[in-house]
Structures are given as structure tokens and as C-alpha cells.
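Colleague: Structure provided below as C-alpha cells; questions to follow.
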């Protein structure tokens with residue numbers, strides 16, 4: 001109950017996996033996938049990962065493959081469990097069924113499978129009955145036939161991999177993926193996440209070729225081999241053809257690539273601030289999406305993400321987790337980074353801040369139950385160190401974080417209090433009685449407040465980020481708060497950026513620490529001198 005799995009797979013090619021894959025599959029689950037391709041064709045099925053509970057007779061957790069829709073023992077091609085993946089299969093007609101079952105004990109990572117439409121062999125079923133030994137021999141040598149690859153892909157986004165990825169791809173393989181053609185009108189983008197193939201001058205052996213259209217007559221966008229990932233490729237049409245070919249020897253790990261409809265399902269942001277939303281927001285997002293938004297800011301920045309609106313499919317009633325549609329945030333530029341959070345349902349979420357200058361957001365949707373989606377704004381948090389004494393503010397910002405700005409574009413209170421460059425830092429050192437600083441009482445505490453301006457304006461387009469810097473002189477404690485930056489009307493409230501103070505830069509040197517403490521020493525000396533004068537005065541009065 002509560003587990004979504006199985007269903008009818010009717011596309012010419014596709015992938016499916018056990019529930020929660022690559023996580024542990026749930027207990028007491030039964031799923032049936034019915035694969036139906038065009039009449040006159042066969043189904044070619046292969047497994048890229050397989051890990052089920054082991055039993056000699058596969059009596060506990062198991063996977064069964066049927067040659068057809070009916071669960072008739074006469075149609076059963078095999079029952080499998082343990083760690084050894086099933087062999088590739090080719091159905092006798094255009095229908096194949098796959099059944100997965102788990103009991104109430106011992107869960108494993110499950111399986112991942114791929115299928116595609118193949119050429120139906122009219123004699124296959126007859127031969128299976130008459131010549132089982134010959135059939136077994138043929139199955140051993142038909143791995144290439146059943147290494148499912150290629151097909152027509154029409155979704156807004158998707159993933160393609162070479163046969164057997166991440167294991168070495170087979171020799172003498174040729175696969176063609178034709179992407180687009182389902183009403184999409186925009187260009188397509190292809191990004192390779194992994195790439196390792198046989199190299200060679202001119203890529204004459206194993207290679208991946210890209211064409212700007214549905215056929216090889218379209219302009220070629222590139223031909224790639226070796227171990228260098230191909231560049232991000234954007235088509236000029238709503239179609240993209242990908243051809244993978246291997247020769248008779250020397251292979252490699254192959255490749256994994258993501259495609260998406262440009263501007264809808266995946267974008268890369270390098271601006272200091274921006275916003276984006278799920279496809280078709282605020283209308284319901286499509287099913288079967290794997291969308292990525294990558295935010296890559298200059299070195300030293302951190303990325304702060306604000307969730308303006310979010311409504312996804314809710315949590316699993318069985319596990320309580322976001323097992324269906326979900327949005328995930330990863331540290332860095334890939335899904336291999338640390339997971340910062342995974343969300344689903346309709347929630348009011350606190351902002352999320354990265355620990356580096358890169359953050360990746362990934363939206364995954366399954367095959368049913370769509371919702372409104374999400375709207376997100378982000379801003380690059382300028383790394384800074386703000387400290388104070390009883391009389392002064394000290395502000396440091398790494399030059400590399402604002403390398404595009406002149407020092408006079410960074411100032412405290414008024415432009416006359418601009419930063420200066422010392423070493424590899426922009427620095428502002430100013431007394432409390434200058435630079436627009438004022439004294440206020442907040443929560444029954446006296447504080448010193450000023451505004452730090454960082455001017456990113458270009459031409460007539462004004463873009464000034466404002467940070468409120470605050471000091472509590474008695475405790476010598478400073479803080480910084482963003483008060484204007486990423487469209488404050490949408491963010492509604494200033495966000496505390498104290499966490500941004502711990503930037504990974506050079507610590508203040510001894511001279512700076514000494515300069516900070518000078519004012520404290522002077523202040524203490526004055527107090528002592530005043531006390532001594534008072535004592536002398538009292539003694540003098542007594543003597544008189």
C-alpha cells in the first residue's frame with residue numbers, strides 16, 4: 001500500500017526500475033510492468049543493475065520475465081534473484097511482462113532495466129519449443145541484439161546511456177537516439193555527465209556523433225571519442241540525432257547524457273541573482289521529468305535559494321519520504337555532491353545556502369499525479385568578514401569575489417567611504433562617527449548601524465545590493481544582513497546572512513588585529529586616567 005510501481009510501457013524504448021532504486025526497495029511489494037511495442041516487433045530487454053535477496057530457489061524476493069502478457073508458466077522465460085543479472089531477452093511478439101516481488105524480510109537495492117523495440121523473428125517461439133539447447137546457445141551470442149539502446153525520445157527531458165553503462169559497452173554496436181518531435185518547438189540541449197570511450201585521431205574507431213536534426217543529412221554538431229567530455233550542445237531545431245558506434249575491439253565505460261528542452265527543463269545560471277520555475281508553472285508540470293538547474297557563481301560566493309512557492313506530489317504514505325515527485329538540492333555542480341535537501345508536497349521552506357559557489361537543483365517527476373510545481377529566486381551571497389571594536393567597523397571582502405568591480409563601487413554609508421584594496425581583499429576600516437553610521441536601540445540594547453553598498457549596475461540598469469552592518473560595542477559583536485538584492489518585493493523580508501561571514505579566505509594578519517585593538521587600549525587608558533584623576537580630586541578635598 002502506498003508504493004507506486006509497475007504499469008504499461010508503450011514507448012518504443014524506455015527504462016524502469018524497482019521502487020526507490022537505487023535505494024532499498026520496500027518490503028511486501030509486487031509490481032508488474034507490461035511492455036507493449038508496435039505489432040510485428042519484438043521487445044528487447046536488458047538489465048544494467050541487479051541486486052535482490054538471494055535464495056537457491058528464489059523463493060523470497062524475485063523477478064520474473066514472461067514472453068507475453070499472461071502469467072502462464074508456459075510463457076515464463078525465467079525467475080531471478082541474488083546478484084547475478086538476468087541475461088538479455090527478446091520476446092516472441094510485441095508484448096513482454098516483468099514481475100517483481102519482495103517479501104517482509106531483507107531488502108536490497110533492486111534493479112534497473114532498459115527495453116527497446118526490436119525486429120520480430122517469426123520462428124523464435126517455435127524454436128524455443130523445439131530446440132531449447134540451440135536457443136540457449138543463441139541467447140549467449142545475442143547479447144549485442146538485446147543491449148537495448150536507441151529509440152525515439154519525445155519528453156521535455158531525459159537521460160540516455162551507452163549499452164551496459166557504467167560497465168564496458170559491447171563491440172560492434174550501433175545505437176541511434178532521435179530526440180524531439182512531440183510538439184516541442186524550442187531547441188534541445190544535450191549535456192554529458194560522463195564520457196569514456198576508445199580514442200583515436202579523427203574518432204575513426206568508437207565515437208558519438210551529434211546531428212542538428214532528425215537524420216544524418218542534418219548538419220553535424222560534433223563527433224567525439226576518448227575521455228574528454230563533449231561540450232554542452234544546443235540544437236538550432238526541435239530535433240537532435242545522437243549516434244553511438246563501437247568497432248570490433250577496445251571499449252570503454254561509455255557515456256551518460258541528459259537532454260532537455262532548452263529554457264524549460266534545464267538551465268545554467270551565472271548571474272549574481274535570478275529566478276526560475278518548474279516547466280509550465282503555475283500550470284501542472286509534465287510527468288516523467290528529470291530537470292536540472294545549475295547555479296555557478298564566481299569563486300568565493302555562496303548561493304542562497306528562496307522558495308517562493310512549491311506544490312509537488314506528496315510524501316509516500318508507506319515510507320513517509322519523498323519517493324515520487326521531488327525537488328533536490330546538491331552542493332556543487334553534480335548529483336554526486338552533498339545533498340542539501342529533498343522536498344515534496346506543499347511546504348513553506350526556509351532558504352537554503354550552499355557552502356561553495358555552485359549549487360544544483362534537480363526536479364524528478366514520475367509517470368502520474370502532477371501538481372503546480374515551484375517558483376524559486378536565488379542570490380549570490382558576497383563572502384565577507386565583518387567585525388567591530390567599541391569605536392570602529394572592520395569589513396573585508398575577497399577581491400576574487402568582486403573582481404569585476406572597481407573599489408569605489410563598494411562603500412559604507414556614502415561613496416566617500418569606499419573600500420581600498422589591501423593584498424587580496426577589499427577593506428573598509430572606519431570609525432562609528434563617520435560614513436553615515438548611527439546609534440540605535442534594538443531589543444533594549446544600544447547598537448551601531450550602517451549600510452554597506454555593493455554596486456553591480458551596468459549602464460542604465462541599476463543593481464545595487466545593500467547589506468546592513470551592525471555592531472554591539474559592549475560585546476564587540478558584529479553581524480550583517482541582506483536588506484536589498486534579489487528583488488526584495490518578492491523576498492518580502494530581509495534574510496540574516498551571518499553564516500556568510502565564515503568565508504574561506506585569509507585570516508586577518510597580526511597587524512590588523514593589533515590595529516583593531518588599539519582603539520580598545522586607548523578607551524581603557526582614558527577610563528583609567530579618569531579614575532586616577534577622580535581619586536586625586538577626592539584625596540585633595542579630604543586634605544583640605
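From the backbone N, Cα and C atoms, a Cβ is placed for every residue, glycine too.
In case it helps, TrEMBL gives these features for our protein:
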DOMAIN    5-118  domain 'CUB'
DOMAIN    149-262  domain 'CUB'
DOMAIN    265-381  domain 'CUB'
TRANSMEM  521-543  transmembrane segment
Colleague: Taking every residue in the domain 'CUB' (5-118), what is their average pLDDT?
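Modeller: Mean model confidence (pLDDT) across the domain 'CUB' (5-118) is 86.
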Colleague: From the DSSP assignment alone, can you count helix, strand and coil residues within the domain 'CUB' (265-381)?
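Modeller: Going by DSSP assignments, the domain 'CUB' (265-381) contains 0 helix, 55 strand, 62 coil.
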Colleague: Going by DSSP assignments with H, G and I as helix and E and B as strand, what are the residue counts for the domain 'CUB' (5-118)?
Modeller: 3 helix, 56 strand, 55 coil
Colleague: By DSSP, what is the split of the domain 'CUB' (149-262) into helix, strand and coil residues?
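Modeller: The composition, in the requested order, is 3 helix, 52 strand, 59 coil.
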